[in-house]
Amino acid sequence: MIRSHAIAGGITLSSRLHSVKMSPSTDFAEFKRLLEPRADGKPNKIIAVCGAGLSAASGIPTFRGAGGMWHKYDAMSLATPEAFERDPLLVWQFYHYRRETARAAQPNPAHKALALFSLSTTRKASAPNSEFAIITQNVDELSKRALATTLEQHPTKAKDIAPLLEMHGRIFDIQCSKCGHVETKVGRSQVSNIQSLPRCLKCSALARPGVVWFGEMPQHLDEIDQLVQGANLCLVVGTSSTVYPAASYASKVQRQGGKVAVFNLDRSSGDMSADFLFLGPCEETLPKALGLEREVVRVE
Ligand code: OAD
């Protein structure tokens, strides 16, 4: 179930801060040494846990902070099943706006770096003998589009492509509010009045955006739990780390002896517990940390 810990989470945050021994490193060269092959011959198992900041440079507003308002509404107050029940037209209008923004957006260098890092063929130069997976809270499909473009330039076998898990669903899907039937890649819908809202192709009931809302179960949780359990390096990219379960993955990796590197424009929850903290736009810091600065420029 998705939980936000905005204020109550301070308790969690402070308990994590007490266990801090040293400030996180900001040294890129030191970070890159984590990507080198391990002495025991086992692969480095790396996960990236991503949030709205990953897509900020593509022009998609984040949820908290300056980008978090739509008209007079707080974006999070519209991301609940209760809001949809109360006012489906308003919720659809909000998602229609985010959908059209996502449709017009292009992946930025941070998406491209993650896409290049997702192919074992292009990852091996900076992280030989490693496995990788992207766990994203974003619903905009920009990571998927970056991966598709990268694959056109670097065709490879399916087994050499890292998993990409969109745990909060996809904004271009629609899901029936009654029978749960999902349609993918739905075209533009009119959302000017209640009669024009999308309906289920199977049972004709009102359809809703195919995203996971607060109080609902995120997708792919079994697969994600396995990846988190096996990981020895967690990259936390552009997320405020206030929404669970995604916010718990970095500390889980750390508890099992792994390292955490945070890439965020600003301070974020629990970042002082990280081993590395790269403050700045992730579209700059992430390609640099992954040794892919030159390559992202070539992926168009
Ligand atoms: P938030 O809006 O909470 O946080 C976005 C984070 O991105 C903030 O910490 C910003 O500092 C950071 N940021 C902004 N621009 C950046 C940049 N260029 N480079 C690096 N960092 C940048 O978004 P999420 O953490 O993704 O869920 O929020 C998690 C979930 O809460 C969302 O999936 C959504 C939301 O309500 C649902 O709708 C269920």
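Positions of Cβ are set from backbone N, Cα and C atoms, glycine also.
Residues or ranges marked as domain 'Deacetylase sirtuin-type' in TrEMBL: 21-300.
The NAD(+) binding site annotation in TrEMBL covers 51-70, 137-140, 238-240, 264-266, CYS282. Reduced to three states, the DSSP call for GLN137 (NAD(+) binding site) is coil.
Taking Cβ-Cβ distances under 8 Å and a sequence separation of 6 or more, the neighbours of ARG98 (substrate binding site) in its chain are ILE60, PRO61, ASP140, ILE171. According to TrEMBL, the substrate binding site annotation covers TYR95, ARG98.
In the three-state DSSP reading, HIS168 (active site, proton acceptor) counts as coil. Positions annotated as active site, proton acceptor by TrEMBL: HIS168.
Around CYS200 (Zn(2+) binding site), the same-chain residues at least 6 positions away in sequence with a Cβ under 8 Å from its Cβ are CYS176, SER177, LYS178, CYS179, HIS181, LEU206, ALA207. Look at CYS200 (Zn(2+) binding site): DSSP puts it in coil. For CYS176, CYS179, CYS200, CYS203, the entry in TrEMBL reads Zn(2+) binding site.
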Response to the item:
For GLY51 (NAD(+) binding site), the closest of the recorded positions by C-alpha position, picking from TYR95, HIS168, CYS203, is HIS168
Worksheet item: Near GLY59 (NAD(+) binding site), which residues of its chain come within a Cβ-Cβ distance under 8 Å, counting only those 6 or more away in sequence?
Response: THR101, ALA104, ALA105
Response to the item:
Restricting the binding-site residues SER55, GLY59, ARG98, CYS176, CYS179, CYS200 to those with Cβ under 6 angstroms from ligand 1 leaves none
Discussion item. Near GLN137 (NAD(+) binding site) in space, meaning Cα within 10 angstroms, which of the recorded positions do we find among TYR95, HIS168, CYS203?
Written reply: HIS168
